[in-house]
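Features as listed in Swiss-Prot:
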DOMAIN    8-227  domain 'Radical SAM core'
BINDING   R17, R71, T102, K163, R266, A267, R268  GTP binding site
BINDING   C24, C28, C31  [4Fe-4S] cluster 1 binding site
BINDING   Y30, G75, S126, M197  S-adenosyl-L-methionine binding site
Amino acid sequence: MVEQIKDKLGRPIRDLRLSVTDRCNFRCDYCMPKEVFGDDFVFLPKNELLTFDEMARIAKVYAELGVKKIRITGGEPLMRRDLDVLIAKLNQIDGIEDIGLTTNGLLLKKHGQELYDAGLRRINVSLDAIDDTLFQSINNRNIKATTILEQIDYATSIGLNVKVNVVIQKGINDDQIIPMLEYFKDKHIEIRFIEFMDVGNDNGWDFSKVVTKDEMLTMIEQHFEIDPVEPKYFGEVAKYYRHKDNGVQFGLITSVSQSFCSTCTRARLSSDGKFYGCLFATVDGFNVKAFIRSGVTDEELKEQFKALWQIRDDRYSDERTAQTVANRQRKKINMNYIGG
């Protein structure tokens, strides 16, 4: 029996984001800049991470509260050993209709088949440039874009449904929009361009670095004939368009210029086992890991999750101004703990 619960703003709970690790093999400036996350950076020890059994238990309880979709994030989730074991466990939960994973793609050839065999069917690959030199400068690990493109080709060849996510920063990679759109249009792969967000504390964000949806659309319409597409479901974060000549869709995610707080249905669990109701959360999250390890029953866990959702009133992107951004500096949870 699924309970229907809503938060203070009337938003139901439909999605669960599970961060399985705080580690990543890239050092992108907007997420894990190398100056902060150097070779001597201390990541979470294994006992500080939720176990797969704990994650599956959490997901099962959330499914009883209305969660239908789960997304596995990180850090880089493919760095978590035996991730296919978690995928298999999540696939056995009644009520979960969709399991996705967000990855930088570097380890897809190594782990893609085992994840597919465990039941994973859908992945989002983060790729912020198609130019090799530029992409190397973005990831700060000397990884070429062509390497990731080969991993994407492999993923599609084994049956994974791939979408590509691109975070656009003004003056950094906004010149990649057209060539990337052209490349993935020909590949019949959906690409989504994301406005640069002020997630975490270390990415040097300010409004001047944002390329808005309208600015992107103006650029795109100078090169392609497109039509808008109606939203597929409540809470869809991207504004979708379709190429007139071959029908391939692409999306623009307006995380800054046109917020979607009013339809946000996502609960988030960080890699250290804490609940957050918002990607931009500033207060320390509720420690689900400690709560579970104290010996609570599933019913007690459900009541706690209900209470956390019912007091949720987060709407940071609705309220974002230069002042709120300044006030929240050094207070937000970093992206490698909570995922995207």
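Cβ from N, Cα, C; glycine included.
Overlay of Swiss-Prot feature records on the structure.
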residue: R17; record: GTP binding site; Cβ within 10 Å: 21
residue: C28; record: [4Fe-4S] cluster 1 binding site; Cβ within 10 Å: 20
residue: R71; record: GTP binding site; Cβ within 10 Å: 22
residue: G75; record: S-adenosyl-L-methionine binding site; Cβ within 10 Å: 26
residue: T102; record: GTP binding site; Cβ within 10 Å: 21
residue: S126; record: S-adenosyl-L-methionine binding site; Cβ within 10 Å: 20
residue: K163; record: GTP binding site; Cβ within 10 Å: 19
residue: R266; record: GTP binding site; Cβ within 10 Å: 19
residue: A267; record: GTP binding site; Cβ within 10 Å: 24
residue: R268; record: GTP binding site; Cβ within 10 Å: 23
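Close to T102 (GTP binding site), meaning Cα to Cα within 10 A, are the following binding-site residues out of C24, C28, Y30, S126: S126. You'll find the Cα of R268 (GTP binding site) roughly 14 Å from the Cα of G75 (S-adenosyl-L-methionine binding site).
It is 12 Å from the Cα atom of S126 (S-adenosyl-L-methionine binding site) to that of C31 ([4Fe-4S] cluster 1 binding site).
Proximity to G75 (S-adenosyl-L-methionine binding site), defined by a C-alpha to C-alpha distance within 10 angstroms, is shown by none of the binding-site residues R17, C28, K163, R266, A267.
Largest Cα-to-Cα span within the GTP-binding set R17, R71, T102, K163, R266, A267, R268: 22 Å. The secondary structure of S126 (S-adenosyl-L-methionine binding site), as reduced to three states from DSSP, is extended strand. Spanning the residues Y30, G75, S126, M197 that the record associates with binding S-adenosyl-L-methionine, the maximal Cα-Cα distance equals 17 Å. A distance of 23 Å separates the Cα atom of A267 (GTP binding site) from that of Y30 (S-adenosyl-L-methionine binding site). Of R17, R71, K163, M197, all annotated as binding-site residues, the residue with the shortest Cα distance to C31 ([4Fe-4S] cluster 1 binding site) is M197. When the Cα atoms are compared, R71 (GTP binding site) and Y30 (S-adenosyl-L-methionine binding site) turn out to be 21 Å apart. Among the binding-site residues listed here, namely C24, C28, Y30, M197, M197 has its C-alpha nearest to that of R266 (GTP binding site). The shortest Cα-Cα distance between M197 (S-adenosyl-L-methionine binding site) and any of the binding-site residues R17, C24, C28, K163 is the one to C28. Around C24 ([4Fe-4S] cluster 1 binding site), the same-chain residues six or more apart in sequence whose CB sits under 8 Å from its CB are C31, M32, F37, G74, G75, E76, M79, N104, N336, listed in sequence order.
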